[in-house]
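As structure tokens, the structure follows; a few thoughts come after it.
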Amino acid sequence: MLSCRFLTHSSAAVSSCSLSLFQFDSHFLLFSTNPNPNPKPKAPFIPSSWIPHLQLQQLLYDKSKAGFDKLDDALVVFDKMLRMKPLLPVLKFNQLLAALVRMKEYSVAVSMFREFRVLCIPVNIVTFNTIIKCCCHFNNTLDYAFSLLSGMIKRGLVPNVVTYNTLIKGFLSQDRPVEAEHLFKKLLKFNEIQPNVVTYTTIIDGLCKTSNTSMAVDLFRSMEKRGCKPDTITYNTIIDSLCKDRHVDHALGLMSEMNHKGISPDVITYNRLIQGLCHLDRWKDTARLLSEMGFMKISPDLHTYNILVDAYCKIGMTNDAKHVVETMIQKGVFPNVVTYNTLMDGFCLTGRMDRALEVLYTMRSNGIVPDCYSFNILINGYCKRQKVDKAIDLLKQMPAEGLKPKVETYNTIIHGLFQIGRHGEAWNILHEFLRNGDKLNIVTCRILLDGLCKNQHIDEAISFFGLMECNGQIHDIQLYSILIDGLCKNRKLDMARNIFNNLASRGLQPDVVTHNILIRGLCQEGLYEEAKELLSKMEVSSCLPNDATYNTIIRGSLVNKKYEDALVWIQNMRAHRFSADASTTSMVIDLLSAEERDPSVLAFRKWFSQ
């Protein structure tokens, strides 16, 4: 337990709002004892009533590298440190803070720092840098981090490159790249610090993550001109972003540049390039890189093999993927759950459900525990092949495996049941899901509404939609589009039109899909002129027609014998570089081959013959 004196000081610290540098928000609860997610096993710590100085100092050093098992252990140590006379040096208090950071107890570290200030415990630049780092892990606390920067300067401490790197990384982690760039430019302008490779790489990484690869490349070249040599991590960051943007040849050129400058590529460099090449189906180049890895004595790691397994599975080459798995085992690199899940997904995509199930059994026999995603892959595979009963059996098996099905699992099965017309069972599965205390997500609502509409349960669909409206669950244009489509197909055009016309009052903007659905519904009911007017409104609004719009109105004009209009729409479609789909093409061919003497049909044929 903490001493009464420490608890008293802590309470006073929380209530004191007059200290300018210590304004905390709700993230910084005083020594919250919430358990850490995913705690790692550490050496046992047994609090004792008396710990010699040297033993405690060694303990602090060890825990700064690994963290304590429990938050209470750290607080007990802090209490004992406060009782020692003389106080331990600032280095030891910094090590205690470092241990809390290792434990991801950022709010506790900030609260403890405040206690340092109240008790006049000496602090140095390392202390401030540690707490600034903690602030960067929370939203809305970067202002406090900057107040700490001011506090450092007032105490005569000079912020160093670590301080500014931490602040820049904080801005980027909270999706504030403009402010990160502003701070960086300010540092350069006023020569506050000499940015190091970490500074540049941090900003380059932030730019890449916000899809600003070209800016990242410019900064990359700028750092070289300023005399800061990029390292392997810098190159890897740029190479990864270029590959994701499908500029793999540029990325390959950078790796050649690395070799020329004496900067050694590592397995991460090769992994990112191999992934980029696989996405472009450049198998020969992939094989060349793998051979080059062997020549460079760089062994493929688990991620390398997983990339290859995934690439082969996505193009249906499951036998090749299986061969990769066999090879990695021979090389002493053992598959993980990701490897097996990817292979299972590959077999499911090719309809080989028996082989996918074999992979599940192989996982278990090799000591790999299947996760929710493993079952979701199989369940989805069975539902796509309309073997929903087997999917339901797997759903029931999950709790026995210690797994709780996710909403995505239920969504897949409900969708599968609707596809084969088992409407009642879909509702039973939904009720089971709700009984478990889970909540519907927007995807579930779409599946239910779509399933009811497509199975001609339109009255139930309207009731369900109304219930969602009453509960305030609807603010999604896709849901409205599904219902409008269902109403049109069930000859309830007036209701569909009314919902469409009231979308704006609900704060929703109909998209091109919604427009296409209503245009088709109007054409089917012989209201071609109204459909034509709706399309004209699209053309003057921000919702531009797409290829489906033109195909829909062309078919509508042909059905309603507006052949001259059909010619105009076809010309417009071609002007926009859209193509006729199979249904439109079939209707046109039928018209051209029919024995029709109507002058407008003859004019239509003549235009096509030209």
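Yeah, the Cβs are placed from backbone N, Cα and C, and that goes for glycine too.
TrEMBL annotations:
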- 124-159: repeat 'PPR' (REPEAT)
- 160-195: repeat 'PPR' (REPEAT)
- 196-230: repeat 'PPR' (REPEAT)
- 231-265: repeat 'PPR' (REPEAT)
- 266-300: repeat 'PPR' (REPEAT)
- 301-335: repeat 'PPR' (REPEAT)
- 336-370: repeat 'PPR' (REPEAT)
- 371-405: repeat 'PPR' (REPEAT)
- 406-440: repeat 'PPR' (REPEAT)
- 441-475: repeat 'PPR' (REPEAT)
- 476-510: repeat 'PPR' (REPEAT)
- 511-545: repeat 'PPR' (REPEAT)
For the repeat 'PPR' (266-300), distant same-chain residues with Cβ under 8 A (at least six beyond the ends): 232, 235-236, 239-240, 242-244, 246, 248, 251-252, 255, 258, 307-308, 310-311, 315, 328, 331, 333
Mean of the pLDDT scores, which run from 0 to 100, over the repeat 'PPR' (266-300): 95
Residues of the repeat 'PPR' (231-265) by DSSP state, where helix covers H, G and I: 26 helix, 0 strand, 9 coil
Distal contacts, the repeat 'PPR' (441-475) - CB-CB under 8 A, six or more residues away: 407-408, 410-411, 414-415, 417-419, 421, 423, 426, 430, 482-483, 485-487, 489-490, 492, 495, 506-508
Contacting positions for the repeat 'PPR' (371-405) when only residues 6+ beyond its ends and CB under 8 Å are counted: 337, 340-341, 344-345, 347-349, 351, 353, 356-357, 360, 363, 412-413, 415-417, 419-420, 422, 429, 436
